[in-house]
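Features of the protein shown, as given by Swiss-Prot:
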type: BINDING; residues: Gly29, Arg30, Gly31, Asn32, Gly33, Ile34, Lys35, Thr36; note: GTP binding site
type: REGION; residues: 143-245; note: region 'Disordered'
type: COMPBIAS; residues: 147-186; note: compositional bias 'Basic and acidic residues'
type: COMPBIAS; residues: 214-228; note: compositional bias 'Acidic residues'
type: MOD_RES; residues: Thr232; note: phosphothreonine
type: COMPBIAS; residues: 234-245; note: compositional bias 'Basic and acidic residues'
type: DOMAIN; residues: 283-439; note: domain 'W2'
type: MOD_RES; residues: Ser434; note: phosphoserine
type: MOD_RES; residues: Ser436; note: phosphoserine
Amino acid sequence: MALQNIGASNRDDAFYRYKMPRMMTKIEGRGNGIKTNVVNMVEIAKALGRPAAYTTKYFGCELGAQSKFDEKNGTSLVNGAHDTSKLAGLLENFIKKYVQCYGCGNPETEILITKTQMLQLKCAACGFLSDVDMRDKLTSFILKNPPEQKKSSKDKKSMRRAEKERLREGEAADEEMRKLKKEAASKKKAATTGTSKDKVSKKKDHSPPRSLSDENDQADSEEDDDDVQWQTDTSREAAEKRMKEQLSAVTAEMVMLSTVEEKKPVAEVKKAPEQVHENGNSKIPENAHEKLVNEIKELLSSGSSPTQLKTALASNSANPQEKMDALFSALFGGTGKGFAKEVIKKKKYLLALMMMQEEAGAPAQMGLLNGIESFCMKASAEAAKEVALVIKGLYDEDILDEDVIVEWYNKGVKSSPVLKNVTPFIEWLQNAESESEEE
């Protein structure tokens, strides 16, 4: 199929990369039923990035004749006998009005319909927005039959989340399959050992027990199948050694627990000053938050993983929000410039605590936002300035949703310095949403 450059002004440019098929027409019927069939209208419309119904309707509007495009068969018919050159000239006018950018002339545009029912061409090359003349007859047809829009950033984000969820489900299914294989291998092992014992008892074979090397060889052969490991050494010395190791681990844990219990009363004695509430004379201990922060710091300094930290805090009597506030103080206390980068770096600890909040029935994302606000109210000015970067980073990581962020912002006090720093990000979110709706 012969190709030509898109746009009459680029006809002689041998290196022009935007091309479309040369128009091919065929006269069908006779008398009053004579029609012109544009044979390759689907290919032309695809090259222009416009629905074939638009170009067919444009021919009908300009020629004052009835036109019809059949979606099922892909046939484009215009009543009457028309020359190919005449239709090609009309197609060039369509390209100038509805395809080429009014700024740079490139055909990399898409049709946008604004809220005021106006048509615009958005150029992907230069970003220019071209206003289409709404006096043209085809504009009303386009408004009634809008083009299919590309997926917005919100749709892409939901697709990314669905893909991550699919991967998690696949990993869980693989893990379940591995467990089933291990169970089948263990049952097979038990059956084989049972039959061998029966044979030995029948023959009354008093041979010595298997050597350690034989058992190791058998264990190595079974490790090739799904990494199944079996206890091989059943001698008295090995059993005593294992008992000593277990006892040493248990005693070490008991010693650590006893030292922690001994340290707690000392800390309470040292931090005994009491604080008086502003709205009453009742005295409450000031160090409840600090005790929780110190406990988390001890866990972090001992190299606890996010899962271990979650397990340790699950037994604490503090409510979920108090735990989140204490975690921020323990993780980022004293942080100034670079607060946003530190939050993203240690996001796994935040996710672990959010999971614990969800298990307790508390709103996890709202608790995280409240924790950020509470920390920034007490943090340094440099850290408080980065609160918008923190929330945007968590939003980009799919930890926070747009709806929850806006809800948290609307519930807060707008005069708060933290919310003032977040305002530009909220405006950006709302503008991005309105632009996606317009598109």
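Keep in mind that glycine also has a Cβ here, set from the backbone N, Cα and C atoms.
Here the features listed in Swiss-Prot are painted onto the structure.
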residue : record           : contacts (Cβ under 8 Å, 6+ apart)
Gly29   : GTP binding site : Lys35
Arg30   : GTP binding site : none
Gly31   : GTP binding site : none
Asn32   : GTP binding site : none
Gly33   : GTP binding site : none
Ile34   : GTP binding site : Ile27, Glu28, Asn79, Gly80, Ala81
Thr36   : GTP binding site : Thr25, Lys26, Ile27, Glu28, Leu77, Val78, Asn79, Gly80, Ala81, His82, Leu87
Other CB atoms, at most 10 A from the CB of Lys35 (GTP binding site): 20
Segment-level pLDDT (mean, integer) for the domain 'W2' (283-439): 82
Secondary structure at Gly31 (GTP binding site), reduced by DSSP to three states: helix
Extra residues within 8 Å (Cβ to Cβ centroid of Gly29, Arg30, Gly31, Asn32, Gly33, Ile34, Lys35, Thr36), GTP: Ile27, Glu28, Asn79, Gly80, Ala81
